[in-house]
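Feature annotation from Swiss-Prot assigns domain 'ELMO' to 319-492. According to Swiss-Prot, the feature domain 'PH' maps to 555-676. Look at Swiss-Prot and you will find TYR18, TYR216, TYR395, TYR511, TYR720 tagged as phosphotyrosine. According to Swiss-Prot, the N6-acetyllysine annotation covers LYS100, LYS105. If you look up Swiss-Prot, you'll see SER344 marked as phosphoserine, on the strength of similarity to another entry. According to Swiss-Prot, the motif 'SH3-binding' annotation covers 707-714.
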Amino acid sequence: MPPPADIVKVAIEWPGAYPKLMEIDQKKPLSAIIKEVCDGWSLANHEYFALQHADSSNFYITEKNRNEIKNGTILRLTTSPAQNAQQLHERIQSSSMDAKLEALKDLASLSRDVTFAQEFINLDGISLLTQMVESGTERYQKLQKIMKPCFGDMLSFTLTAFVELMDHGIVSWDTFSVAFIKKIASFVNKSAIDISILQRSLAILESMVLNSHDLYQKVAQEITIGQLIPHLQGSDQEIQTYTIAVINALFLKAPDERRQEMANILAQKQLRSIILTHVIRAQRAINNEMAHQLYVLQVLTFNLLEDRMMTKMDPQDQAQRDIIFELRRIAFDAESEPNNSSGSMEKRKSMYTRDYKKLGFINHVNPAMDFTQTPPGMLALDNMLYFAKHHQDAYIRIVLENSSREDKHECPFGRSSIELTKMLCEILKVGELPSETCNDFHPMFFTHDRSFEEFFCICIQLLNKTWKEMRATSEDFNKVMQVVKEQVMRALTTKPSSLDQFKSKLQNLSYTEILKIRQSERMNQEDFQSRPILELKEKIQPEILELIKQQRLNRLVEGTCFRKLNARRRQDKFWYCRLSPNHKVLHYGDLEESPQGEVPHDSLQDKLPVADIKAVVTGKDCPHMKEKGALKQNKEVLELAFSILYDSNCQLNFIAPDKHEYCIWTDGLNALLGKDMMSDLTRNDLDTLLSMEIKLRLLDLENIQIPDAPPPIPKEPSNYDFVYDCN
């Protein structure tokens, strides 16, 4: 008799019959189990039957995934994938509109299953669907007026099935005709079309562009930015998301020489202001997928600066040298050039050298040499010229202020601008490809057409202000840059909605404030390094670790919604996983949409006993990170990946929504297995809680009573005459 681990108790349904309770021996071939089930109901030709999950997924059971069957699973006996695919292939060609519609609806649902998808594709099903899209629209054109809902549903189900089938990566995108691309593009270009058809058409175009260079060129010929913009001005956030995704895909795959041209078109069509008005400042919350697409657009826009950032200045190029002359002219407003004589030439050179020194260049004789380092290359000079022309008063004030100071206290504008540009490029990761999972967009960068230049202008004035506050000398240059970086980073974390708000945040982060923050952190560190405190820490640390462990397990009991990602395109598909209250079982299952709150245990179809877990692996050790594809190459996805290994060659793969959830889950799973919690979050929590506990105990030594309840809220004043408007 096989060991209990190989026996799974399930219920099996068959239409028109009572469900059967059955024990499945996982060592038996699947065909033998299906034959046994068919014999129980006296059904012949068992090879025409298969088992599938009876939940909403309806996925077929195969030799590859049969290990996912757990005790208590409800299965359904149904026609085999090959039979089902053959029947649907015939039904969708029916002359009856109702029969065709029902068949396409079933096909759209079943195509999510890779087992069925493979069988349908083997029947050349993809070609059939593309033919229906290409010719079917004309064939039923006359029926639109009298059967418009039916026609719309039919096309919607056809496109849904196509998207699901292609998402499995079985068929190459390069196989599609120009006629099919034109037809899909025509749905996007129409001003009035069914929302579901538009959404799927946008998804298809995005995948075409991302997965095939040839298709990118064909799609780019059929779709213009002007045709996409009306979809951003609507109220449907999903359509807006897919529209921005198509724009991002076109941007990402465009040849280098086309990207700047495309950026100019986006500026002409006022894409930024449309997104700001209809998406960012719309009266609704921005969901994660939209935030991701906005982040991608932000990254791709800033990456246009990479060419200038990596371009060295040519000291012999007169046009480039003229920019430096212009900086000097604006700052010092030379009244008239000396007469062009041999005597005045030396005088002119001397005057230029003096002025270039005042401008803060390292090389006073030939400042062009300052811009030969990449990064930031010519981008620094571009920023300086923008500041001089568009913020002329501030530029002149900074230059003249510093030229009138003593040498050792002057803030060198030229050197500062070059180093600041380099620092801002590092902060914004200019030149790096967008992450698959990040959604860290900044609304303020969508409020101005020249947002990077304006960002620089604010920060160069901050640098000058901080320099004065620090009473810095040239030896303190690197220290000033470190303080400025800290100020900028702290202000950015608050996600200001505009550049003016960003400027206000920086006003509150003066050098004095940064010193207070640093001093507070340093004092806390020093106070807690004495020997008695270290001994006390060591004594209470196990208690704190147990508290952290319980918090991690409680979070696992609450559960988390994870996103399903693949290398081809992002999907709005979700699954949920949570730990049972007794910490014995992990419940998980697919979801149609992102949940609002917790998902009940009974609605999650699959179970994994904690006792079956063999190990938890992370990063590149995860099975789903070893597979070929774009995800393998993405560092940020790699840092969020972890897998649970159980049984033989079975795993449950995760990609956490963010670093915090990654730490929570890896800590919690390690705690379940009796291993140490090693995440950065655990270290931070341990430090915070230890610090708090020690402070409370020290207060107790001083006989200072900590109240159990917060102090009462005082009554409102009798009047508010003391309130005044400071403006």
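Each residue's number is its place along the chain shown, starting with 1.
Quick reminder: no glycine exception, Cβ is built from N, Cα and C everywhere.
In the three-state DSSP scheme, LYS100 (N6-acetyllysine) is classed as helix. The secondary structure of TYR18 (phosphotyrosine), as reduced to three states from DSSP, is coil rather than helix or strand. In sequence order, ILE330, ALA331, PHE387, ALA388 make up the list of same-chain residues 6 or more apart from TYR395 (phosphotyrosine) whose Cβ falls under 8 Å from its Cβ. Counting only the Cα atoms, the space from TYR18 (phosphotyrosine) to LYS105 (N6-acetyllysine) is about 28 angstrom. The domain 'ELMO' (319-492) scores a mean pLDDT of 89 in the predicted structure. It is 46 Å from the Cα atom of SER344 (phosphoserine) to that of TYR511 (phosphotyrosine). A 10 Å cutoff on Cβ-Cβ distances gives SER344 (phosphoserine) a total of 13 other Cβ atoms nearby, all chains included. TYR720 (phosphotyrosine) sits 72 Å from LYS100 (N6-acetyllysine), taking the Cα positions as reference. For the pair formed by LYS105 (N6-acetyllysine) and TYR216 (phosphotyrosine), distance between Cα atoms is given as 30 Å, rounded to the nearest Å.
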